[in-house]
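One structure is given below, encoded as structure tokens.
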Amino acid sequence: MAQLFTKIIVYFLLFASPLLANQWPLHNNSLNDVVQWDHYSFEINGQRLFVFAGEWHYWRIPVPELWIDILEKIKAAGFTAFGIYVNWAYHAPNNYTVDFATGAHDITPILKMAKDVGLYVLLRPGPYINAEVNAGGFPLWVTTGEYGSLRNDDSRYTAAWEPYFTKISEIASEYQITKGGNVVTYQIENEFGDQWTGSPSRRVQYEPAAKYMELLEANARRNGIDIPLVANEPNMRAISWGKDWSNSSANVDVVGLDSYPSCWTCDLSVCTGTTGEYIAYQVIDYYGYFQETQPTMPSFFAEFQGGSYNPWGGPVGGCPEDIGPDFANLFYRWNIGQRVTAINLYMLYGGTNWGAIAAPVVASSYDYSSPISENRTIGAKYYETKLLTMFTRAARDLIVTDLIGNGTQYSTNPAIQTHVIRNPITNGTFYVTLHTISSSSTDETFQLHVNTSAGAFSIPRYGNSIRLNGHQSKIIVTDFQFGTHKLLYSTAEVLTYTVLDGIPTLALWVPTGESGEFSVLGGKWASVLRCEWCSDIQFHPEQDQTSNPTVSRLTVSFTQGQGMSVIKLDTGLRVVLLDRESAYYFWAPALNSDPSVPEDQSVLVQGPHLVRSAKIVGSTIRLTGDSAQTSPIEVFAPKQVRIIFWNDKELKTSKTSYDSLQASLPQPAYVKLPLLGPWKYNGSLPEKAQDYKDTSAAWISADHMKTSNPSPPATFPVLYADEYGFHNSIRIWRGYFTGNATGVVLKVQGGYAFGFSGWLNGKLLGSYLGNASVEHSHLTLPFNVSHVSTSSDNVLVIVHDDTGHDETTGALNPRGILEATLLSDNSSSKFSHWRVAGTAGGETNIDPMRGPYNEGGLYAERMGWHLPGFNDNAWSDAGSKLNFTGADIKFYRTTVPLNIPKGVDVSISFELSACGTTNAFRSQLFVNGYQMGRFNPWVGNQIEFPVPPGILDYTGDNTIGLSLWAQTEDGACAIVDWKINYVLGSSLDVTFNGEYLRPGWTSERLQYS
């Protein structure tokens, strides 16, 4: 019956005339009507909202004091919400602990800040999240096979996730919109398109998946979640969990789509191998998909491409330009033309894969080519995205639209296509224009055929043609309502507007040097009160001859060079004309915490690098933000405002002829970093010695003769590190044997870019250096007969560095030694026993502040040499050199002070490079105890490693450590330097006391020798 009903709906939607807006059913989850939705959009507390969100992950920036920086940058750009994954593994170091209290593990500050800043929250707690994170966010203790194949209704898996999911649901429930908070949706699972056996069109349900979803949904509801439950489709083929597609009891309230139309990785060859030829800027038809699969729900992207991750072996510095500002310009506008009214950009801020957070597909950086860079920089992509997000927040008519038509018939140039969407209630219309072949970057000009309340005609009527130059799109509006005024049309794009003292101020923009034309109903004449590189301004007053002959209108054509111009109409309306660069630095900070920002609850500010907030008290406006240099600032505010405070300092202010306020921002303080060094060092591989005693608390007998893992080893005992509670990074194996063995066959698996080295009785046998596209290595290592002892135990030492656990079904792929076979002339040699060491304390999580991802099993890590407060007085001096010969592992330390002044935001990165004659080494960068980067020059190209304040102590001493693992007898040589990414005058306090984030060394570490 559900099939027939759905087919009837889809047929009607695709071939009948558009329904009236009030004829579409308004849905809720039957628990309340606080969050509702229909065919057009979400509605929150009775108000429709264009949900433009961006994703970020608190666990990739584990400094709570910096979360406000990310949220303020999201808000300032015009976003109305943010998405956030909660990472089960980060909070559950073992199967008896769920930590939502220690340091950055406490997410409640984020949920409180969201309310204060004025952003809705799309909370995404998994339990599986993918996210290019180790095992997709599964705690690594569930990867052994002991909990089944995962992501089903297996009772063992259910028992694993329930404590975590119960706790996060309890926490989130207190911050829901229904209880006065700002959490508006709750995503169940992630990209779990497994509802159907075979084609979704057959609708034969896969019961283990459906029952799993029912368990998750019931748990959320039982623990207080009463907002809509959401699922996200991994692609346009899965069609799972949607009520418009089936009547399954496992369905959620609202379904969103995940789409990455450009390559999701900086390695374009990966996309070519998966989806065929990669064509940059090639768009996808989403309108038909949404109409067919979820016609009574909003067209909703739970994830839409915000960038691409950089894999091991990817290009230095990240992705090519086809994922930059032009991508944001074209693809996000394309989505508007597809009637999308809810988008979550993945990622808006990527952050860092510190410790062992990363899955094997990605290195330490999770910059993701995001609008906000890993080092917290905002640049061209952020500003280009802001041009649209400010518009979607201001364009109320955009929230309810029907697709009127699409094609080349709307343009005088066949090289241009147009999608026309119209609000059926207000007649506000949006013409989304782009190249007919979307991948084209030709320079095209055209007129647009529009149908307005004043009749049908082609625009511009007087000025120069509309221009699309390069990979660009433009949204041309007609009958655009703003305040009490209506824009009959504008070939310049609308940036934003606000209503001050009852009269709107409208901001329009064009690319630098281009022309625009706008027509305002009700105007008769206007004056140019500021002309900064403007030209060709013409005024054309006329009477409306169609709808109302008594209504006048004023049409203005112009060309705008670099700068800002201001025109004032006889109605009092101010129109601010901006070129692209000036629009980048034009802001509309809200005066209250309503995410939708009512039209009379913002001011307009031109000039600063960033405007974080605005508050008016009497005649004073208090602005906070960032400034890069001495620069002008201009504020459009209510007439009562006469005084500007910037970051709590009063500015010398003057008033313009068009009633704005002008002032100058001061130069930020000068900051210089001290030199790193001198360095001290110590050996960090005593385990390779034949007589090393592996009897401390660090070591466990690797003696399992069976495994729950679905992939059994070729030889026994089981030498899978996770079996013994060691899950991260470097693990050290010691295998004992007697007899006349001549070599060993080793198969080691550790994920893309992993590596290992082997020593026999202290002598190097060989190494696997790693490969960015290979997950395991099968080597035969011959023994030098002179190194084999015939009278005592021989010890084979394997140092194995994995790069994380695979995602999705690959989470159970073992990490460790899959085969260890001794070779001998008489085949009698066998290993007598094995010992293994990994993270100090194993799963007991002896460093709860930094958490379960931070450390591996290197001797230096187990002993705490990377931690502040460790006494290295007895170590050897290295001076400024970090180099040695021979196949070994050494650890280097230095302490360096910082004294960053207040009033500035400073971003710092470390730079690592190889020196000497070899790059066959692996290294880890530690900053005040945090592993902030893996530098593996044989495999990867990442050389820059940002470290945020809080991890760095900006007003005290900092302990910097580097492990160097030489995989050949040539040794290793590394250079460590650091640099300032930016210094900005800022309201953000980066000199806060973050000592609690940097717990120091204790003697407890001595037991893990």
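Just so you know, the numbers here start at 1 and follow the chain as drawn.
Just so you know, glycine gets a Cβ as well, placed from its N, Cα and C.
Over all protein chains present, the Cβ of GLU191 (active site, proton donor) has 22 other Cβ atoms lying within 10 Å. Swiss-Prot lists GLU191 with the feature active site, proton donor, giving sequence analysis as the kind of evidence.
Within the same chain, residues at least six positions away from GLU303 (active site, nucleophile) with a Cβ under 8 Å of its Cβ are GLU55, GLY83, ASN232, GLY256, ASP258, SER259, TYR260, ASN344, LEU345, TYR346. For GLU303, the entry in Swiss-Prot reads active site, nucleophile.
The substrate binding site annotation in Swiss-Prot covers TYR85, ASN130, ALA131, GLU132, ASN190, TYR260, TYR368. Around TYR368 (substrate binding site), the same-chain residues six or more apart in sequence whose CB sits under 8 Å from its CB are GLY306, GLY307, SER308, TYR309, MET347, GLY350, GLU374, listed in sequence order. DSSP gives TYR368 (substrate binding site) a coil state; it is part of no helix or strand.
Swiss-Prot lists CYS266-CYS319 with the feature disulfide bond. On its own chain, CYS319 (disulfide bond) has CYS266, GLY307, SER308, ASN310, SER369 as residues at least 6 apart in sequence with a Cβ closer than 8 Å to its own Cβ.
ASN28 (N-linked glycosylation site) carries neither a helix nor a strand DSSP state and counts as coil. What Swiss-Prot lists as N-linked glycosylation site is ASN28 (among others), and the listing cites sequence analysis.
Within 10 Å of the C-beta of ASN95 (N-linked glycosylation site) we count 15 further C-beta atoms, all protein chains included. In the three-state DSSP reading, ASN95 (N-linked glycosylation site) counts as coil. For ASN95 (among others), the entry in Swiss-Prot reads N-linked glycosylation site.
The Cβ neighbour count for ASN247 (N-linked glycosylation site), using a 10 Å radius and every protein chain shown, is 13. For the recorded site, ASN247 (N-linked glycosylation site), the DSSP three-state label reads coil. Residues annotated as N-linked glycosylation site in Swiss-Prot, with sequence analysis given as evidence: ASN247 (among others).
In the three-state DSSP scheme, ASN375 (N-linked glycosylation site) is classed as coil. All chains included, 19 other C-beta atoms sit within 10 angstroms of the C-beta of ASN375 (N-linked glycosylation site). Residues annotated as N-linked glycosylation site in Swiss-Prot, with sequence analysis given as evidence: ASN375 (among others).
Taken from Swiss-Prot, the feature N-linked glycosylation site covers ASN406 (among others), and the record attributes it to sequence analysis. Note: ASN406 (N-linked glycosylation site) has non-local neighbours GLY337, GLN417, THR418, HIS419, VAL420, i.e. same-chain residues 6+ apart with C-beta under 8 A of its own C-beta. The DSSP secondary structure for ASN406 (N-linked glycosylation site) is strand.
Note on ASN427 (N-linked glycosylation site): other Cβ atoms within 10 Å of its Cβ, all shown chains, come to 16. Taken from Swiss-Prot, the feature N-linked glycosylation site covers ASN427 (among others).
DSSP assigns ASN451 (N-linked glycosylation site) to a strand. Sequence-distant contacts (6 or more apart, same chain, Cβ under 8 Å) of ASN451 (N-linked glycosylation site) comprise THR429, THR478. Residues annotated as N-linked glycosylation site in Swiss-Prot: ASN451 (among others).
Residues or ranges marked as N-linked glycosylation site by Swiss-Prot on the basis of sequence analysis: ASN740 (among others). According to DSSP, ASN740 (N-linked glycosylation site) sits in a coil region rather than a helix or strand.
The secondary structure of ASN771 (N-linked glycosylation site), as reduced to three states from DSSP, is coil rather than helix or strand. Sequence annotations record features per position, and here Swiss-Prot assigns N-linked glycosylation site to ASN771 (among others) based on sequence analysis.
DSSP assigns ASN784 (N-linked glycosylation site) to coil in the three-state reduction, placing it in neither a helix nor a strand. The number of other CB atoms found within 10 A of the CB of ASN784 (N-linked glycosylation site), across every protein chain shown, is 12. Feature annotation from Swiss-Prot assigns N-linked glycosylation site to ASN784 (among others).
All chains included, 7 other C-beta atoms sit within 10 angstroms of the C-beta of ASN826 (N-linked glycosylation site). According to its DSSP assignment, ASN826 (N-linked glycosylation site) is coil. Swiss-Prot lists ASN826 (among others) with the feature N-linked glycosylation site, giving sequence analysis as the kind of evidence.
For ASN883 (N-linked glycosylation site), applying a Cβ distance below 8 Å and a minimum sequence separation of six or more within one chain yields CYS915, GLY916, GLY971, ALA972, CYS973, ALA974. According to Swiss-Prot, the feature N-linked glycosylation site maps to ASN883 (among others).
Local packing around the recorded positions ASN28, ASN190, ASN740, ASN771 was summarised as the count of other Cβ atoms within 10 Å of each Cβ; on this measure the leading residue is ASN190.
Taking the Cα atom of each, ASN784 (N-linked glycosylation site) and GLU132 (substrate binding site) are about 42 angstrom apart. Among the residues the record lists as binding substrate, namely TYR85, ASN130, ALA131, GLU132, ASN190, TYR260, TYR368, the two farthest apart have Cα atoms separated by 19 Å. With ASN130 (substrate binding site) as the anchor, the candidate recorded positions are ASN95, GLU191, ASN375, ASN427, and the one with the nearest CA is GLU191. Only ASN740, of the recorded positions TYR85, ASN95, ALA131, ASN190, ASN740, ASN771, have a C-alpha within 10 angstroms of the C-alpha of ASN826 (N-linked glycosylation site). With respect to their backbone Cα atoms, ASN375 (N-linked glycosylation site) and ASN190 (substrate binding site) stand 27 Å from each other. Between ASN427 (N-linked glycosylation site) and GLU191 (active site, proton donor), the C-alpha separation comes to 37 Å. Less than 8 angstroms from the CB of TYR85 (substrate binding site) sit GLU55, HIS57, ARG124, PRO125, GLY126, ILE129, ALA131, GLY137, ASN190, each of them six or more residues away in the same chain. If you compare Cα positions, ASN95 (N-linked glycosylation site) sits closest to GLU132 out of the recorded positions ASN28, GLU132, GLU191, ASN247, ASN740. Put plainly, the recorded positions ALA131, CYS266 were compared by Cβ crowding within 10 Å, and the winner is ALA131. Counting only same-chain residues six or more apart in sequence, the Cβ atoms lying under 8 angstroms from the Cβ of GLU132 (substrate binding site) belong to TYR309, ASN353, ALA358, ALA359, VAL361, VAL362, TYR366, GLU807.
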